[in-house]
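Visitor: Starting off with a structure, shown below.
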Amino acid sequence: MNQWEELQESVGFDFKNVELLKQAFTHSSYVNEHRRENVKDNERLEFLGDAVLELTVSDYLFNKYPDMAEGHMTKMRAAIVCEPSLVEFAEAVHFSKYVRLGKGEEKAGGRTRPALLADVFESFIGALYLDNGIDKVVTFLERVIFPKIDAGAYLQTVDYKTQLQEIVQRDRDVLIEYDILGETGPAHNKAFDAQVIVNGQVLGKGSGRTKKQAEQSAAQFAINKLIHR
């Protein structure tokens, strides 16, 4: 059994077009180093998967919470499809082991980079939608995401920076600092990377479309790390 057969068995779906599945797990760095192979990266599938994920999650929230206000549903959806949550979902189904990376990106730790894993999860959703249709996407989410919604994991949408501050300052005074590490992407579609440092120790890193979102993402990762110590 090769890795793609293993992956299909793991997710519970057979792909009619296995090349589409491979593309979902192909980072641009791999394409750059294998130009003779005529492979495609996963960026277009990520674009599609992002929209499919928003639609399916929105539909689920709309039907599950018939009395919930639009504003609250919007916040809930944002918490479900944000980068830290997508990374959690990707890790739950062991997607990182199947990602095709260039040698440089691999050495730089790309396989565990949060933004990369979140992108792979979205690109897989895009590929699954194209190959199997929306119903199979819903079936997959019923296994990976919807149970967490049912358990109430996203009912309390929070300010993660405030929550982190409350957690670490319960017993003592501590110094919490946020650093913007850099930015990537064109001017119209920038992504910022941030880290949160508590008493000199890096507790979390994250990224977002704005500096504030990146800091919130870093704080959420730090909270998850503290909770699962």
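The backbone N, Cα and C atoms fix where each Cβ goes, and this holds for glycine too.
So Swiss-Prot lists these for the protein:
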| type | residues | note |
| --- | --- | --- |
| DOMAIN | 4-133 | domain 'RNase III' |
| BINDING | Glu46, Asp119, Glu122 | Mg(2+) binding site |
| ACT_SITE | Asp50 | active site |
| ACT_SITE | Glu122 | active site |
| DOMAIN | 159-228 | domain 'DRBM' |
Visitor: Using the CB centroid of Glu46, Asp119, Glu122 as the Mg(2+) site centre, which other residues of the same chain sit with their CB within 8 A?
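Guide: These residues sit around the Mg(2+) site: Asn42, Glu43, Leu45, Phe47, Gly49, Asp50, Ala118, Val120, Phe121, Ser123, Gly126.
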Visitor: For a quick check of packing: other C-beta atoms within 10 Å of the C-beta of Asp119 (Mg(2+) binding site), how many?
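Guide: A count of 26.
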Visitor: In the domain 'DRBM' (159-228), how many residues does DSSP assign to helix, to strand and to coil?
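Guide: When I sort the residues of the domain 'DRBM' (159-228) into the three classes, I find 29 helix, 25 strand, 16 coil.
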Visitor: For the recorded positions listed here (Glu46, Asp50, Glu122), tell me which residue's CB has the most neighbouring CB atoms inside 10 Å.
Guide: Glu122
Visitor: I'd like the per-state residue tally for the domain 'RNase III' (4-133) from DSSP, helix first, then strand, then coil.
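Guide: Final tally across the stretch: 99 helix, 2 strand, 29 coil.
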